[in-house]
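Enquirer: Structure below; questions to follow.
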Amino acid sequence: MAQTLSKISNKENASSGLRPKRFKPHQPIPTWMVRCEPLDHDSRRGRDPVRASPQAKRVRTPTPYPRHLKPAASAVVRSGNNPSHLKPASTDVVRSGPQPLCCEAKDGGVVRSCKTYNLKPAHESKAVAFSLPKTDGPTGNEPEFIAEACPSCALYDTCPNCTSKVINDDGSTDGTIPSWDQIETTPAFLSLLSNTDEEMSADELTNLAAHLRKAFETGSHPANVDYSKDQLQGLLEMAEAAVPPARRQTLPFYQQRLEARRTWREKIFNQPLEEINKILTTSKDRFQRCAAWKVILEKAVLAKEYGEEAYAYAQQALKNINSFDVNLVLKMAAATFIDHIRMMTVDNPDLVSYIPKLIVKLKPLTLKMIIDNHENTKEGWLVTLTSLAELYGMVEVAIDFVPTVVGKLFDLLMKTTSKMYSMFKSVVLATFTSESLDFTNPFWYAIAAILCFLITGAIPHNGKMKIHKNILSNATGIVAGIKAIQALAAMFSTWSNERLVNDLSSRTIALTELNNPTITADIDAVINLQRLAEVLRDEVKSHTLNPLMQPYNPILRNLMSALDKVISCCTRRKAIATKRTAPVAVILTGPPGCGKTTAAFALAKRLSQQKPSIISLDVDHHDTYTGNEVCIIDEFDSSDKVDYANFVVNMVNTNPMVLNCDLIENKGKTFTSKYVIMTSNTETPVKPTSRRAGAFYRRVMIVDVTNNAVDKWKSDNPGKAVPKWCFNKDFSHLSLSLRGTEPYSKEYVLDPTGRNHQSRRAPPPQQITLEQLAQKMVVQHTTNTSEFVTQAGDVPVFGFVCQNNEIDTVYNLLAAVKARYGANFNLYKGMVRTAHENSGCGAHVHVISREDNFRGKAFTVNRSRLESVPHLEGDSFRRSLGVVMSDKDVTTMFYYIKGKVINDQVSLTELPANQHVVTVHTVYDMAWALRRHLKWSGQWQLIKAAYEIMCYPDTAACALRNWMDSTDFSEEHVVTQFIAPGGTIILESCYGARMWATGQRLIRAGGLTEAGGPQGGVRFAGLGARNVPWSEILREFMTLISHIWSQIKGATVVLTALTFYLKRFRPRVEAKGKNKNKGPRKNTGVALTDDEYNDWKQSKAEKNLDLTVKDFLQLRHRAAMGADNTDAVKFRYWYSKKQKIYHDLENFPIIGRGGLKRELIRKGPLRPRGNDFYDEPDDWYSEGVIDGVTHKNAIVSVDDVDGMHKGYAIHIGHGVYISLKHVLTGNARILSEEPKGITISGELATFRLNNILPTAVPVGTNKPIKDPWGNPVSTDWQFKNYNTTSGNIYGACGSSCSLTRQGDCGLPYVDDHGVVVGLHAGSGGDKCPSRKLIVPYVKVDMRIRDTCTKESPTKTHKPTFSYRGLLGKETGEPRTIMKGTRLHVSPAHVDDYEECTHQPASLGAGDPRCPISLTGIMVNNLQPYTEASPGPDTATLNRVSKMLTSHMEGYVPKVHKTEEDSISAFYMLNHDTLCGPYIGARKKDHVKDGVLDKNLLDLLSSKWNRAKLGLALPHEYALGLKDELRPKDKVAVGKRRLIWGCDVGVSTVCAAAFKRVSESIMANHALGFIQVGINMDGPAVEDLFKRLERPKHDRYCVDYSKWDSTQPPKVTSQSIDILRHFTDKSPIVDSACATLKSNPIGIFNGVAFKVAGGLPSGMPLTSIINSLNHCLMVGSAVVKALEDSGVRVTWNIFDSMDLFTYGDDGVYIVPPLISSVMPKVFANLRQFGLKPTRTDKSDAEITPIPADEPVEFLKRTIVRTENGVRALLDRSSIIRQFYYIKAENTENWTVPPKRIDTPSRGQQLYNACLYASQHGEEFYTSKIVPLIERAVKLEGLHIEVPEFHQAVAAYNGYFNGTEGQPNQIAHASGGLGLSGEVFEN
């Protein structure tokens, strides 16, 4: 069409006063074109005006327009014999000065005047049309009247208005121009409806325009029969939309049409969008509708000025194409009916079986009974419809509209008059009872007109009605009637499609006119215009796939082409103004002929599947550039005339690069390739002295390409062509060397100063292949790409206004509620907003004060009370805050979602809790479930999308995408999980939607019900009546009623219908007497016996549960039936214990306010509550066990003679094994050997084997905690006989989540310490797989001889005694506690030592500061070890242990080899420590010249031999008291720290097992949580500081009191298992694990005390194990706090936070989610038995460390000083170095020592000066310098006092490693201080 219409060369708009574009020389300008006051254009240009020829005699009438055009302009007045459809629209008159009322012009003897042509003066005419631009006449004023008879003559060689006079009303002509019948077959006419390439002359278009003009004037023209005037205008509109804007001037009537749209735009521009939308939906004026579209789109494009709602409205309006086709609906219905009939009859493969199924589904008998019992009353209709809905399972669907339908429909049917029925009957009978069909009745014409209006949207004109009449009149028979109906259907479809195409054309015109830089001036407007054009293009494209639109495809393709031009233009404009991703450029340099160009194309193929674009710099224009992903520039530096350096710099840049192009359509083309490959023959493309050398070499990678085969051939065969064998297809013939950064040659890189470029040698090149080079380029481009664009609507904002002192409380409460309900809102303190409004984000909630100027929905907080977690239900946060919020506001605040987000990557931490789970079998299942998420409009859009997919399956993807973009989601919060065959989809919606899609099966059960959600209904109690508006009370009442009705509506309607039905057959008896209006009394309740009542009361009292009687009976019934859920197992345990202690209860009378009562009082003490493993049930299948089965190295398979597996046996040491009796029945074989000496104890079997496993397990009789796979097990540990498939077995019943199978019998159950206490003997099978039968271990004396040569001091036959709660046993080897101290007062401070904050620890009974004896102090320190701390529950601890192990696997090697001999392991130990309870003195005292003495060697050999068998060693320690400085307050109460001296044999075995693991952990302290091994006086502190500065995270510094004594044994056991995970799991490792997990024994003064809990400070690897314990307990506390708050932890918690742990010192860096529950975390730690405190040991609450305050860790304060990041030692720790000296042992510490080691003392104080220098010059000079000068003088030291700057420089040298650290400063780096024990607190 564009080619055809481009033939039109006449430019329209003579009314604008412009000279026509082209006139023939022999045709002067007609006189009627001259205005009443001459408009002399030519005279202005220096030419004489040309007058018209005298032959022009006919009077030209004004251009008529359709009747719906009502122009509103007031500047130009048209008059004459206007058609009747021209209605006046304005009475405004433009007057520009006194002018004559009329003027005349003589033209060849013919007088032309206003009167001659029947033109009315402006002040009389009301028909105002299109305005003209103002022009200046001779007097400079606008003429008052315009005599314009025909404004179109200047546009054509032969004016269509003039030629229309020779056209008769019937379309015939006088022969000068073709008739209408001939016009319809010309290319001019056909080109308007097709894309033909035939030539169309201007005369043909003129003739067509003449007929269209006549059709507008005369209704009898044949064009009006075939087309309405609206259609005729539509033809021109289609042409206008398809032609480029620059060529639209060539179209007829274009300027008038444009002026009409402009006028309409001015009239409606300021109207609201709703009014403009009415114009789009109701107006039949296409000019008005096109103007409306332009207004809507213009406001959308300028959304920055008119608001984002204008853009959203326009985007939605563009998609609402009214394509509803009644004809297609009828056809789809008929086709569906036929398909169903065919499926039931013809295509059904099993008709015999299908018909019975169909009969069963129809339920004909019941249906017949329902129909027979139907009554024609309202009640009858209700009963019948409800029965039908109940019969076919549609009660819930029909329940909401059945009552309305019954009432209104029944009344409507009853009120229908019989007269109307008889009239309709007579018409039908008159038509169909005759011998032939009679459609001449006007009734059928009315029906046809109504159908036409319903289908096309327009009332048909006379021509269309004539077609209807002709079609219906010819229907004289059945066949003719069918044909007539088909003809009408086809005609209706065509008219409907024409209207759709016209509508699309109007939108396209509006968009193309907006593609103007004067309108879209900024980049935001360009972006909006492009998006709208893309939306409209997708809509047009979707219609091209409609088979019924095939005739209009050429027009639709032209519309798409016009929109593509708009999109491409916007893309170019954006590209010029938008930052782009810099491409990756590489230069291949090398000699000619080596294969660079071929390698470049091969590299391009590896980078992209597209063919590369080619650019040559030898030409100055780049029209041939195609913009593909890879661009190749061959020999880019070959021309000296080209500034190729600047070209490359501009090309490899983030700023857009506009290419120089010659073609107009390529103007503005930018460079868009991702990768640039250039070749060059020069080693240095740009000289290093060039000003652009730095920018050039920084942007490119240079690869030197060499071909050794080619070089050798050329040197050996000069002048000969290189053969092909020098090249290989895999490019192995090339050697690629990648240079470093900024290399201008192979040897040198650029000098940044630019002075001497040969001063910096280049690093050696990297040898690389083409594949590696391609991968490197891809990675580099991915790194460069880092920008994303999101779009969504406005996000709601809420504010809670409170007092300043209440902000933290309100914030914490809202944070807790957010975590409890999985809310989506963003929470802030104050007005500052930190979260980005990306798609999927939630509402913004601010906690603000009354002074803040808040814009949003604000709620005043009347009171603030922080609720506990169990009370966070319903509207608790509203009650706690005293705010009045509607449920709608609560839902919006909690779950609002911005926009639509589709996530392909599923993160379990982001998934919401399900409310509905739907299994998708058909598309109807999904559609039915989606209705919950949608509004009514959204449901209609869903139906429409499904309908389109059914009609056009090819458009499914486009339709679904459009539906997702345009659908309206409900304002309610709904979460649905769709389980489909191909995967799982989770959809969450509330205003917007978030969707997660995965190909895996993901079952997430359970969600927050409406009653338990954050809404829960408003509770008005306590809010005060004045704070609650009446509207809110009424709304809440109606909401409550609706909730109640939604719960009971189904049952209510069914029961009501049943009541109506029963009332039919029930005689009604009138009640009489007193019983009238009364009924029998109904007693409801449960009767209990006295014993049951007592049990119920006792259960409520002991368990503190609010149980009703009904709940109690149901719970008791479930427990009696053997249910294995949590409550039933607990009740069963409680009830059995109650039966055992029944006689410990006594009935006591109690007198109180309520009078005399009797209660059961328990006489015996209540046993402490054990670990409850049911409080936190979890899906243990989600994570694997660390090492499979527990103690797997000591487990061996039991097989039958034929090799069939039967069960397992466990080695308990020295060749003794345990298993089960039914496992050993028959000919059992273990390790190919028969068991010997079998001893049976119940079901347990103990036996011997000659084959001894290298590992053995410890055994005991405690209660099991874990099953064989490490999962928690629940059991009451009560034994009885159970009937099994193998006979009666004596054991206990337990519950575990592990699935067992045949052959698992004999696997071990263990307690907290990993001790085997029972064996697996059976399960509940498929009916109850969680039930397990456990056979307990029974000790059997197998006379196992102890192999240890040194008898343990605790293995004596002396009785056990109790001393102050400690269980002890005499050892017979008394060891006294060392008395006295080595700490003395310095001679410099004999008089003022009391000023020091620390003193030597208490010396015992003779010490006046504290008279407590050393034995008393020792016993007091052992008291906390008598009870084990509870620690976390086993289930949570197991999960966290697996998380920590998984986290550590990232930086700790998996397998560490065990040391093979004891001597090597011994040399791994610190030889300055004691040897333990068996041998005295230090380890180094037993080593001379590298040889161990006999006592030590014998002890190590005996221990090592036992450890090689995997047996546990005696876990014993020598106890002592630490000689150290202590704070005065602790000295006064006798507090000293214990020293646990571990047995040297145990230390050696543990070093062999775990030393290498601990070294790996210490070496990677910068990557992990454990900071053991860190140097706090080195660069490692900077790494800590960087980790502390993690954005949007809170920092907590925590210390703990009595850390060692509060360590739970099961946590220590888990830490040891983690260490074992990273070993080779040898017998030595098993022995070390079993030893360290056993209870420690401390020995002093000849007494051995066995402790129950805690972790000895001298335990091997104590720092590592303490740190692991720290991580495990913090992780368990965090997991428990989150899950108590409603956040299900399904991810590795250690991936979400950072920790610094060194024993009891900890720093926690946590995100906001965890920070919100940190108070609960610390509460959980206290429940575990720990005592967390602040680092200053105060009792204040532990709060986050502000960002501007330093963090304390390891008694250091980490700060940034002018010298860098430093860890400052406490000032008091430095100062007390000067007060005390370590020397000989004494009991009079106030007397200075007799001899001072001056070198060591001088080094100590020198180090103190270095540390003090980091605190600043003032502290150093005023406090430290006087102290050290005094010490030098009075202590006789020989050192020079360093000045401040010297001390700073020395410490910096040690810190940075430029100078070696002295021994003492290196020792202090572990956090203990400069001189070991002196600095310890």
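Here the Cβ of each residue, glycine as well, is placed from N, Cα and C on the backbone.
Here's the feature list from Swiss-Prot:
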| type | residues | note |
| --- | --- | --- |
| COMPBIAS | 1-16 | compositional bias 'Polar residues' |
| COMPBIAS | 37-50 | compositional bias 'Basic and acidic residues' |
| DOMAIN | 564-720 | domain 'SF3 helicase' |
| BINDING | GLY590, PRO591, PRO592, GLY593, CYS594, GLY595, LYS596, THR597 | ATP binding site |
| MOD_RES | TYR1093 | O-(5'-phospho-RNA)-tyrosine |
Enquirer: Who sits close to GLY593 (ATP binding site): which same-chain residues at least 6 apart have their Cβ under 8 Å from its Cβ?
Expert: ASN707, VAL710, VAL722
Enquirer: Using all protein chains in view, find how many other C-beta atoms are within 10 Å of the C-beta of THR597 (ATP binding site).
Expert: 16
Enquirer: About how far apart, in whole Å, are the alpha carbons (Cα) of PRO592 (ATP binding site) and TYR1093 (O-(5'-phospho-RNA)-tyrosine)?
Expert: 104
Enquirer: Can you name every residue in this chain, apart from GLY590, PRO591, PRO592, GLY593, CYS594, GLY595, LYS596, THR597, with its Cβ inside 8 Å of the center of the Cβ atoms of the recorded ATP site?
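Expert: Output for this site, in sequence order: THR679, ASN681, VAL705, ASN707, VAL710.
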Enquirer: Whose Cβ, among the binding-site residues GLY590, PRO591, PRO592, GLY595, has more other Cβ atoms within 10 Å than any of the rest?
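Expert: Selected residue: GLY590.
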Enquirer: Between CYS594, LYS596, TYR1093, which of the recorded positions has the fewest other CB atoms within 10 angstroms in the structure shown?
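Expert: Each of the recorded positions CYS594, LYS596, TYR1093 was scored by Cβ atoms within 10 Å; lowest is TYR1093.
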Enquirer: Quick one: pull the CA-CA distance for PRO591 (ATP binding site) versus TYR1093 (O-(5'-phospho-RNA)-tyrosine), whole Å only.
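Expert: Rounded to the nearest whole number, the Cα-Cα distance is 103 Å.
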Enquirer: Looking only at the domain 'SF3 helicase' (564-720), what is the mean pLDDT?
Expert: 85
Enquirer: Round to a whole number and give the Cα-to-Cα distance in Å for the pair TYR1093 (O-(5'-phospho-RNA)-tyrosine) and THR597 (ATP binding site).
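Expert: On Cα coordinates alone, these residues lie 96 Å apart.
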